[in-house]
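Enquirer: Below you'll find the structure I mean.
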């Protein structure tokens with residue numbers, strides 16, 4: 001599972017890659033659009049042959065450096081531009097709810113969670129219903145706990161500051177990009193924060209634009225930007241598909257999530273779907 | 001009413017939202033760093049990435065219509081053939097705008 005064979009020898013039967021198991025085999029990572037291959041960090045570190053049998057889920061060495069940050073930043077840039085359409089929409093809603101530019105920008109800069117921000121400004125009134133807003137914020141964002149848990153195999157080797165600092169910048173879109181990158185065996189621990197920072201920059205800038213000039217731009221649907229999230233997740237699903245072993249957990253997640261989305265409020269369906277799949281996998285493990 | 005000022009009470013509410021959100025973002029990892037995780041639980045956690053993706057995507061597509069379903073098919077095909085995220089993303093946006101005009 002060295003970088004060499006994840007990048008180059010996807011089709012070869014390189015024996016060095018045969019110890020990799022699960023989803024961490026020689027799957028190619030997202031192709032670098034610029035073709036620069038800026039990933040010099042940790043090259044050489046991961047050439048050590050495994051001295052013990054690979055665990056059920058080997059993730060390889062994880063580094064936290066500028067090269068990983070840059071790769072996250074450049075990969076996240078087009079997605080961030082797409083998400084910025086929603087930043088404009090949020091700015092318009094915030095303006096209509098009576099927030100100032102400064103207040104809306106402060107919320108985008110410190111909360112950085114689109115769906116909960118939209119709901120908060122929808123609930124906003126005078127006097128501000130603080131308890132309702134807080135409850136909605138936690139309920140909508142609880143899915144991030146389960147998404148952060150999915151990063152644990154890689155983030156366990158980062159320092160707490162690196163891991164928790166990165167998680168501040170986690171949103172749905174860059175989490176998806178990061179899972180795609182890390183499961184390919186890239187070992188780029190700074191990918192999340194790199195893709196998060198570029199998302200943050202566009203999110204805050206778009207919020208300000210939305211408050212100041214939102215009326216002139218119109219809704220993101222006009223440009224198909226409401227499809228960005230779905231498109232990113234479809235591409236990620238293609239990347240994460242691991243053959244027949246994925247079939248049962250994915251089917252469980254899909255069924256539970258679709259039913260829960262119809263019956264539960266907010267975004268509980270994401271936790272329900274993910275949780276049900278994990279429980280089924282725990283039950284069938286070595287069963 | 002796009003004035004620049006920040007009301008202290010509004011700032012307090014916003015920062016409370018920020019703290020609550022940050023707690024949800026780090027909560028999962030924090031718990032896993034405190035408890036010893038068995039192989040069985042590890043196996044359960046290993047299916048989370050795909051399961052979360054499917055859980056977000058499924059209802060999103062169910063809510064959509066033929067245009068979104070066809071565009072999702074385009075994204076999947078392009079991502080599978082090219083392995084280029086940006087190409088798949090652009091193809092998806094062009095497809096969704098086009099299909100919405102046609103279907």
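Backbone N, Cα and C define each Cβ position, glycine as well.
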Enquirer: Quick check on the annotations: TrEMBL lists transmembrane segment for one of A:31-51, A:52-72, A:73-93. Which range is it?
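Expert: From TrEMBL, the annotated transmembrane segment range turns out to be A:73-93.
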Enquirer: Grab the same-chain neighbours of the transmembrane segment (A:247-264) for me: Cβ-Cβ under 8 Å, and only residues 6 or more beyond its ends, written as numbers and ranges.
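Expert: Contacts of the transmembrane segment (A:247-264) (Cβ under 8 Å, skipping residues fewer than 6 from its ends): 270, 272-274, 276-278, 280-281, 284.
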Enquirer: Counting only residues 6+ away from its ends, which parts of the chain sit with a Cβ under 8 Å from the transmembrane segment (A:131-151)?
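Expert: Answer is 111, 113, 115-116, 119-120, 123-124, 167, 170, 172, 175, 178-179, 182, 192, 265-268, 270-271, 274-275.
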Enquirer: Would you kindly list the residues that approach the transmembrane segment (A:189-211) from elsewhere in its chain, counting only those six or more residues past its ends and only Cβ-Cβ distances under 8 Å?
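Expert: Tertiary neighbours of the transmembrane segment (A:189-211) are 62-66, 68-73, 75-77, 79-81, 83-92, 94-95, 99-101, 104-105, 107-109, 112, 114, 151, 154-155, 157-158, 162, 165-171, 173-175, 177-178, 181-182, 217.
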